[in-house]
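What follows is a short report on a single structure.
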Amino acid sequence: MGRFIFVSFGLLVVFLSLSGTGADFDCPSGWSAYDQYCYKPFNEPQNWDDAERFCSEQAKGGHLVSIESDGEADFVAQLAQKIDKPDIYIWIGLRVQGKEQQCSSEWSDGSSIIYVNWNKGESQMCQGLTRWTNFLKWDYTDCQAKKPFVCKFPPEC
């Protein structure tokens, strides 16, 4: 009986060590992992430029969040729900660089826009996720307004 328990326990340890979480990286304490990136919502309202600067100071490669899929949008929306401030918007890393442009050609992290989720009639200036759409749709808001935000960075493996 003792041998059976010992062997069973040994097999359980081997199974758990091999199964893992599917992630080959660890995010710092307080950060959440999704698809090879670390994310964290911040309650301290900042304007868009200051929020982007703050994110870049948190970790190498840190920026305001870029959103590249429906799955990532859902994940970020869940993080946004954790923000304590009752603000209508939270910043994301998308901003029009010139008044003549309809939309920015890239996110603040330099990645191309391959996924869009504009709220109806919105596609200009600084973008935020709006509480009215459960933080799933993107809306324009004044770049100087102070809003909570979500940072994202690729961890070093």
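Cβ from N, Cα, C; glycine included.
Partner cysteine of Cys27, as given in Swiss-Prot, is Cys38 (from among Cys38, Cys55, disulfide bond). Looking up Cys55 in Swiss-Prot gives a disulphide bond whose other cysteine, out of Cys151, Cys157, is Cys151. Listed in Swiss-Prot as the disulfide partner of Cys143, from the options Cys126, Cys157, is Cys126. Per-residue pLDDT, averaged along the domain 'C-type lectin' (34-152), amounts to 81 for this model.
Cβ neighbours within 10 Å of Cys55 (disulfide bond), excluding its own Cβ and spanning all shown chains: 26. Recorded residues Cys126 (disulfide bond) and Cys55 (disulfide bond) have their alpha carbons 16 Å apart, per Cα-Cα distance.
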